[in-house]
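Features reported for this protein in Swiss-Prot:
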| type | residues | note |
| --- | --- | --- |
| BINDING | GLY166, ALA167, SER168, ILE232 | NADP(+) binding site |
Amino acid sequence: MTAQIIDGKLISQTVRSEVGARVKARVEAGLRAPGLAVVLVGQDPASQVYVGSKRRACEEVGFVSKSYDLPTTTSESELLNLIDELNQDPEIDGILVQLPLPAGMDSTKILEHIDPEKDVDGFHPYNVGRLSQRIPKLRSCTPKGIITLLDRYNIQVRGMHAVVVGASNIVGRPMTLELLLAGCTTTTCHRFTKDLESHIRQADLVVVAVGKPNFIPGEWIKEGAVVVDVGINRLDSGKLIGDVEYDVAKTKASYITPVPGGVGPMTVATLIENTLLACEQYHSK
């Protein structure tokens with residue numbers, strides 16, 4: 001078996017085009033365009049790249065994009081004050097604070113300070129809680145993006161045994177909640193999991209998000225399983241690879257996401273989708 005490649009670039013562009021069309025229709029109807037505030041603290045090179053891609057996506061779909069590039073010396077109270085201002089700004093529907101924040105800043109405190117109705121990253125405990133209660137509003141971008149990929153490829157996950165490897169607040173935990181909501185029997189594996197291999201070998205759907213190159217050997221993948229690789233790891237050679245041994249896994253899986261070009265583009269597309277959703281649901285009065 002050779003796996004069908006799940007093309008995240010293609011699907012993300014489709015999602016962005018759909019959002020762009022809805023924004024155009026809003027503006028033509030006399031409504032304002034959605035607004036996204038992107039806050040970057042410090043000079044982290046990877047964060048600058050991510051923020052750049054988010055800002056470009058905003059412009060592409062016709063959003064109002066407001067950028068706040070703050071120096072590393074910014075205090076926590078100054079950042080909280082900025083968030084207060086953005087929470088009150090009627091032209092801003094979404095607030096994104098790029099992680100990681102500089103040392104000394106309490107990221108939990110800062111993310112919780114964002115108005116849940118403008119939390120387009122889906123990190124606020126209110127929004128994660130809604131997902132856990134099966135009444136989601138703004139959903140965490142990477143897990144929601146993965147669900148979109150599975151839906152667009154008509155992969156029926158209800159009843160599948162899904163294994164999520166990684167239990168971070170950003171991907172692993174909300175991914176588990178998304179898969180429960182989708183009707184999967186879901187196992188979450190983490191650093192204390194015993195006999196990881198046995199869990200992977202039983203999985204109909206595997207989602208891996210640990211940030212370790214080739215962490216999951218391809219031979220562990222069950223014949224016909226669906227493999228979603230969230231990892232993005234840069235080797236010394238400069239090559240980007242995922243958390244799953246791709247070349248072997250693709251000979252066993254029915255569907256697989258490549259790295260790059262799989263999950264990554266969906267994160268930004270979902271952020272854009274969430275911002276439009278926040279505008280339509282909460283701020284179009």
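Even glycines carry a Cβ here, placed using N, Cα and C.
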Residues that sit under 8 angstroms from SER168 (NADP(+) binding site) by C-beta distance, when 6+ apart in the chain: ALA209
Largest CA-to-CA spread of NADP(+) binders GLY166, ALA167, SER168, ILE232, angstrom: 16
